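First the structure, in the form of structure tokens, and then the observations on it.
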Number of protein chains: 2
Amino acid sequence: MYRTHNNGQLRAADINKEVTLSGWVQKTRDKGFMVWVDLRDRYGITQLIFDEERTPKEVMEKATKLGREFVIQVKGTVIERESKNPNMPTGDVEILVSELTILNESLTPPFTIEDKTDGGEDLRMKYRYLDIRRKPVRENLIFRHKVAIAVRNYLSKEGFVEVETPYLIKSTPEGARDFVVPSRMNEGQFYALPQSPQTFKQLLMVGGLDKYFQIVKCFRDEDLRADRQPEFTQIDCEMAFVEQEDILNAFEGLTKHLLKEINGVEISEFPRMTYDEAMAKYGNDKPDIRFGMEFGELNAVAQHKDFNVFNQAELVVGIAVPGGNTFTRKEIDTLIDWLKRPQIGALGMVYVRCNEDGTYKSSVDKFYDQTDLAKWADVTGAKPGDLICVLSGDKNKTRAQLSALRMHLAEELGLRKSNEFAPLWVVDFPLLEWDEETERYHAMHHPFTSPKPGQLELLATNPGEVKANAYDLVLNGNEIGGGSIRIHNKKTQALMFDYLGFTSEEAKAQFGFLMDAFQYGAPPHGGIAFGLDRLVAILGGQETIRDFIAFPKNNAGRDVMIDAPAPIDAKQLEELHLKINLKH
Amino acid sequence: MYRTHNNGQLRAADINKEVTLSGWVQKTRDKGFMVWVDLRDRYGITQLIFDEERTPKEVMEKATKLGREFVIQVKGTVIERESKNPNMPTGDVEILVSELTILNESLTPPFTIEDKTDGGEDLRMKYRYLDIRRKPVRENLIFRHKVAIAVRNYLSKEGFVEVETPYLIKSTPEGARDFVVPSRMNEGQFYALPQSPQTFKQLLMVGGLDKYFQIVKCFRDEDLRADRQPEFTQIDCEMAFVEQEDILNAFEGLTKHLLKEINGVEISEFPRMTYDEAMAKYGNDKPDIRFGMEFGELNAVAQHKDFNVFNQAELVVGIAVPGGNTFTRKEIDTLIDWLKRPQIGALGMVYVRCNEDGTYKSSVDKFYDQTDLAKWADVTGAKPGDLICVLSGDKNKTRAQLSALRMHLAEELGLRKSNEFAPLWVVDFPLLEWDEETERYHAMHHPFTSPKPGQLELLATNPGEVKANAYDLVLNGNEIGGGSIRIHNKKTQALMFDYLGFTSEEAKAQFGFLMDAFQYGAPPHGGIAFGLDRLVAILGGQETIRDFIAFPKNNAGRDVMIDAPAPIDAKQLEELHLKINLKH
């Protein structure tokens, strides 16, 4: 047996016990006549002591040769420490070692195995197995497990059944790109890896399973943006015989349970907001409502003077930055420069200082008087000491710019507190969104989303106005879940495919099985999917999903540790009926 | 709201309640003045009643038009049934319907939605969503969920952490064929889908995670045998600082827990048997020990006469079939024909009838007398009334043939009882096995398996004799789990790769990351993986894994419901830098 106890376990009550411990050498202190070793494992650190007088000579000698990250096993006696360490759970005791076995040696690791390491991102990814030895990474992985099992037990108790859907499915060129898998046994044919189990979960509802969930890997072959992974994990859920209200209640229940069980936070009822309201108030469909700075639309109180910039704008909109009047001129200029960067693309910013004495000083005093500015303060909710920031222009672009500014300022002002949780349902999403590139409407959620009752007719005349039975769950400014009530009859589904530009042959080839299924008594159904990576990161008070994934890929989609992807054998290619078609 | 109750819920105590129910029309009985409808959902069946006197006329009319599998919603009053059905949980009541809404119509399904259906395998696979409506399939999926969550909660309580390992990894041509995934962003390169998370779980041990598990999909591109799936699910586990004994204890604990929690069966301690013993006693490394018929080796008592068939055989071995003396001559001839089929390949069978009076009558009475046959009975444990079946020839082949006969007879005699559970550890597997085709030794388990201490040297002189720290968990004649203690130092691993025919370049290219990891303080570790599909089937008292998979593939690796795999777009191929290389 390698150990009788782990390294986080021994206490004063264990003094005089003979124990066997195993683990990694965190560090050694060699004073000649005495050697101390910090022995580490997943559970903690226990101090070992070797001393000239009490330790056999050959053991003492071996101890002086231990290097960082050596794997050792020791036998010894638990003794009371002379200088106790109240910061360590095992800090009252140490082990007087009588036997020492080196189980494995270690080269000097390329970075320190400490909470704060000297290793950069690239190095840590290449040696991820060493990075995982660091407590913050290890704790993140354990945290992820706790969240996942809490989800499973909650849903299971609520009558949901976890069903495994297939990974080798069929490619559907709609939506993001699929990863495909050539079939050896079916020449010239390919499986695709699922972007989500969407159609399968709907078929499970047709199959009468009633309440389904699955924690499942999904795949998207996209050009990776920061913090996106080609493989990611969803909590995928579907229910039959439900309306939107039933789903919101069911998954508000799940999220409340997680916040309570994982974070000890109780939230009574999640606020709800329509998509239109979210866009008007926050310029964003996933607003962070942990703080204010709500948008105030100023068209009515800013387009009556000679300031053409505003007069020609579709939207004039501002936010009141709490305490922003303390910003120096230089700080405000920096803000304006930040807004003008191509990523944001604003042309400039108008601002109003709200002085403590109730007067205003604006960058457009030439055009607006104190009465005007008082109205702006009223609309944006600005108080003395605040700074009003105003942008104008095209409605959608301006909202996006002001939303970016709002988030940027909140970050700077420390308003995005990681231990505060502000969930929000955003409902009534548009069914379609306009795609600039292809110059047509696309399904905002996916082609299986049901329009709101009675709105199907609008498709012909005013497609952008059609609202869907679609909803997102937002937590601290991140979309953590999204879903919809689905179409469940063949005619409507066919109409939708037709509207989205599928020929009936394409619709049949790709989704014929689903439309067939709808002919055999499909029940009304709907669902939601949570992004587990993101959810875990946010519950963990962080925003980088990579820190919660054991073996993430880099931004080029590579696993730098195992060096994948990689070329394959010519024989393998031949068996798969493939040839490489290099461009260069 | 679509329902106030589900269809398995209402009881006599609910009489007079106003309820809303939804579900599928299981069947209707129309007597003109009265119509009864069985309304079905996942939870059960509730009887609806429409009658001329009490039901509104238009509702009555609609009811007469309901077809099988129509999806309906009804409102009505719970009333006491005139003729109660004690076989149904809801059999005391029925619903007097006042409102009826048809939520969706249904074509006549291609097979009946009944426990015993008229649909054949192919039809049921094509319309799997209808097959899932049948109670046996639905209950199997729910059963699988129960097993999976019991596994997760048990391991979690034991301190195991479920960690998700990547699906897009690197192809390693050793072992079975990989499914590969072309990379769009890395021209000419491929990911592979994991055959198991083997190397990743070992890296998690190097990373100090100590106790890992994962219920995870794995992939093998093999020519499919019956009841094999290209994607299958494993309960994958690994522990650090363990010896074989620790692992056997940990997972005996898991299996006991499952048998108790899922099947209500308590088993105190699992028997253990070496591989050599299993082969000698049962001719099989996964013996079904629910019944006897252990092998008796007869060389010593059968090679002293003039019967050349036995004298020239490497092995003469028999089993005593309990009560087999009742077999007619014709039945025995049928058995012999069965043995002679090419799948089994025996040349013949010698048999001995053990008469109730203590005498023997054999098919080789010409050569052997009563004293000889009495010795055979003694060695095989035959009692009066039994039949001794004896095969001879090459040791390995003869054992395999007699094992097949033993299983066949057990099946015929009803000795393989699905509600009996006989777990067994088979230990001390050989490290290597001889491959006839390539004429060299292969790793029996995988190249990461550690030889038994001190046996590494045997590799050079007597490779077939080297035993590994490898073990299988067998349940009712099926391998449900297998694992080993791993190699954890670079030198031994390199030696092993070398022995298995890898050049050091190949070893480095494919497994360099693992051997690198072994240099930085890899702890001793080992693990096991259970086949979840098989485990669930056996716990469920069945042997066909397909019945426990929601959307299985057929023997050609096709999903006949969604029709995958399928050709992909020329544009997709081009983006992936591929050309199809058709042979025909």
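Cβ from N, Cα, C; glycine included.
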Practice task
Have a look at A:138-141, A:182-185, A:198-201, A:414-417 and point to the one annotated region 'Aspartate' in TrEMBL.
Solution key: A:198-201
Exercise for the section: Out of A:Gln214, A:Gln229, which one does TrEMBL list together with A:Arg220, A:Asp221, A:Glu222, A:Glu479, A:Gly531, A:Leu532, A:Asp533, A:Arg534 for ATP? Expected result: A:Gln229
Handout entry: Shortest C-alpha distance to A:Leu532 (ATP binding site) - which of the binding-site residues A:Arg220, A:His445, A:Arg486
Key = A:Arg220
Handout entry: Greatest C-beta neighbour count within 10 angstroms, which of the binding-site residues A:Arg220, A:His445, A:Arg486, A:Arg534
Key = A:Arg486
Exercise for the section: Report the same-chain neighbours of A:Glu479 (ATP binding site): residues 6+ apart in sequence with Cβ closer than 8 Å to its Cβ, ordered by sequence. Expected result: A:Asp285, A:Lys286, A:Asp472, A:Leu473, A:Gly531, A:Arg534
Handout entry: Chain-internal residues, separated by at least six, CB under 8 A from A:Glu222 (ATP binding site)
Key = A:Ala176, A:Arg177, A:Arg228, A:Pro230
Handout entry: Surrounding CB atoms that lie within 10 Å of the CB of A:Leu532 (ATP binding site), all protein chains
Key = 25
Handout entry: Secondary structure content of the region 'Aspartate' (A:198-201), with strand meaning DSSP E or B
Key = 4 helix, 0 strand, 0 coil
Completion exercise
By a three-class reduction of DSSP, A:His445 (L-aspartate binding site) is assigned coil
Practice task
Looking at ATP and its recorded binding residues A:Arg220, A:Asp221, A:Glu222, A:Gln229, A:Glu479, A:Gly531, A:Leu532, A:Asp533, A:Arg534, figure out the farthest C-alpha pair and report it in angstrom, whole number.
Solution key: 21
